[in-house]
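Structure first, commentary second.
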């Protein structure tokens with residue numbers, strides 16, 4: 001484009017001379033601006049940036065020397081190279097005067113075209129080089145300003161960040177520290193000017209280990225989790241930080257930088273420690289309780305068998321001679337002993353749940369369900385019940401014996417609490433939902449009022465009198481304990497008078513378990 005070409009100013013009061021100069025310069029890649037007087041030349045100087053000026057010396061009104069002095073006095077044109085071209089003055093006096101007013105060359109007419117073009121080409125090249133340098137300087141200055149502004153924003157963002165942040169260089173220099181870092185640790189930039197100072201103060205006996213970890217971070221290619229670390233503050237308090245680091249752009253001198261960020265998890269850490277302690281204490285307490293229940297149940301059955309045995313002997317030996325009310329009392333006592341034995345057995349079974357770890361090998365639940373139904377065969381026959389079961393059941397990591405009792409209790413409940421107006425129908429389904437299997441045991445029995453939905457799973461809770469139904473009130477509590485220890489959930493859905501559906505979920509088998 002013409003606008004980007006270097007411009008040359010030629011000044012001569014004779015049009016023929018201007019035409020001759022233009023003809024010589026047209027072979028160069030330049031734009032030529034003409035002026036026939038000093039005043040016209042000065043006007044052009046206000047409108048254009050010239051790479052070179054060719055001035056005639058002998059001009060009316062304002063000669064070339066005066067024009068050169070005026071150009072040198074203006075900042076805009078002070079650096080424009082000037083070549084005098086003259087036919088009138090060839091003596092040293094005029095030549096020296098030309099150099100005194102700032103000319104770089106003094107040429108005598110007639111001019112050799114080749115020599116003039118060569119000299120002009122030199123100044124054009126100098127002009128283009130200077131313009132390129134000025135453009136590069138402007139670009140560099142602009143980039144430096146952008147960089148300074150970016151660094152200022154980064155400094156502010158890091159300094160005022162709501163989490164602890166440190167930027168450090170591979171030579172150990174801590175280049176930036178957030179205010180929160182200093183507030184939480186009590187160490188300001190003057191306390192930890194280097195990573196070595198930080199590790200010595202914050203890690204104590206583990207300073208060397210952590211210094212090696214940090215030094216290794218300068219070679220990483222992406223973000224890295226450093227894990228939870230105990231940090232010693234200036235006051236001697238130990239805090240726990242979850243640290244993460246990532247490489248960022250290196251410094252101009254080539255030093256690699258790493259930004260380290262932390263989340264203070266001290267409170268969570270203490271809560272987890274406390275929870276772990278309570279969990280251990282609870283597990284120990286549960287183990288003691290289970291052991292007590294097991295021993296108590298075992299020891300209680302022995303005298304109970306003795307009571308029941310002597311009641312039987314009493315009834316057998318003296319039953320015919322006893323009055324009716326005495327025989328009735330003996331029957332009550334024997335029934336109570338029988339129920340007490342059932343209660344102890346259920347307690348014993350309740351205490352046994354969880355004594356073994358949940359298997360990590362999956363089993364097919366179809367044989368497990370079939371075993372439970374086999375155990376209930378007499379009850380199913382006596383009640384005239386219809387049992388609907390799926391053709392297949394999932395494979396899950398569960399305790400087979402516990403799940404036999406789980407199915408047996410839930411199906412047995414459906415038979416026990418059947419409606420007097422219709423034969424019981426029990427439907428068992430298994431459906432995969434999300435990441436777990438959902439089992440449903442639905443019946444058409446008497447149903448349960450909504451206010452008892454949670455209560456039915458509590459130990460020793462009965463919703464019906466013993467005269468109405470048998471049982472100890474432990475069966476559903478056993479079901480809940482079995483499901484819970486297999487990381488599942490159990491609940492009931494029911495409409496009084498229409499029936500109930502007992503539901504429970506068990507996590508699906510992870511890939512690889514079989």
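Glycine residues also receive a Cβ, built from the backbone N, Cα and C atoms like all the rest.
This prediction places the mean pLDDT of the domain 'Response regulatory' (7-124) at 91. Sequence annotations record features per position, and here TrEMBL assigns domain 'Response regulatory' to 7-124.
As a summary of secondary structure, the domain 'PAS' (150-192) carries 17 helix, 10 strand, 16 coil according to DSSP. Summarising the annotation, TrEMBL assigns domain 'PAS' to 150-192.
The domain 'Histidine kinase' annotation in TrEMBL covers 295-510.
DSSP assigns residue 56 (4-aspartylphosphate) to a strand. What TrEMBL lists as 4-aspartylphosphate is 56.
Other C-beta atoms found within 10 angstroms of the C-beta of residue 56 (4-aspartylphosphate) number 25, with every protein chain shown included.
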